[in-house]
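Worksheet: one structure, shown below.
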Amino acid sequence: MKLAKLIPKRFFIRSKDRSTVSKSPTAFSFGSASSSSGQDCKNSGGDGGGGSVTPTSILPEVPSPYSYVEILQAFKLIDRDNDGAVSRHDLESLLSRLGPDPLTEEEINVMLKEVDCDGDGTIRLEELASRVVSLDPARDSTELKETFEFFDADRDGLISADELLRVFSTIGDERCTLDDCKRMIADVDEDGDGFVCFTEFSRMMDLQR
């Protein structure tokens, strides 16, 4: 069970600097809300219609913080009906599991437009991969902090095994148990308090890369 692969920071992180919408504290984005997202979509390879996800074996090798296998895993987490395209319904379903605050139609539109290169109203694997490749590596430390805050549900500066399990359950990983989460914490828990602080969380993410 690879934590970094299961929850890629740049796919599910909330965007605090989105200029268009920022109402919901649980509004998650696939990446930064740059107005140049259309340029990021060049050569994305989306076919604009129905069909299956492009096999990872034929996707090009490009510099990216994540492998295409990791991107595919993230894509499958969102594409709940497994039809090869992330629809508005898929996105709304994910966000409803990640937080209690309902998103407005405008917020959903912004999140789709950030990644939907061909404008067909859905997100395909190639479009998501193109978005990830274009992200700025300098944002990594900020996004790591935001990822920590997402796990830390009670905002006490520590992540418990229960909080870790909540995230796995939310995104649909039925295999992860509380004991699994306790073992993951024990691997980086330097002070032995049974919790993970931000420094220890950083080590946890490094170990999962």
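Including glycine, each Cβ sits where the backbone N, Cα and C put it.
Taken verbatim from Swiss-Prot:
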BINDING   D79, D81, D83, D90  Ca(2+) 1 binding site
BINDING   D189, D191, D193, E200  Ca(2+) 3 binding site
DOMAIN    66-101  domain 'EF-hand 1'
DOMAIN    103-138  domain 'EF-hand 2'
DOMAIN    139-174  domain 'EF-hand 3'
DOMAIN    176-209  domain 'EF-hand 4'
REGION    22-59  region 'Disordered'
Position of peak Cβ density within 10 Å, selected from the binding-site residues D79, D90, D189, D191, E200: D79
Most Cβ neighbours inside 10 Å, all chains, among the binding-site residues D81, D83: D83
Helix-strand-coil residue split for the domain 'EF-hand 3' (139-174), DSSP-based: 23 helix, 1 strand, 12 coil
Cβ-based neighbourhood (8 Å from the centroid) of the Ca(2+) 3 site, residues D189, D191, D193, E200 excluded: I185, V188, E190, G192, G194, F195, V196, C197
Whole-number Å value for how far D79 (Ca(2+) 1 binding site) lies from E200 (Ca(2+) 3 binding site) (Cα to Cα): 31
Extra residues within 8 Å (Cβ to Cβ centroid of D79, D81, D83, D90), Ca(2+) 1: I78, R80, N82, G84, A85, V86, S87, H89
Local confidence of the domain 'EF-hand 3' (139-174) - pLDDT mean: 82
C-beta crowding around D193 (Ca(2+) 3 binding site), within 10 angstroms: 11
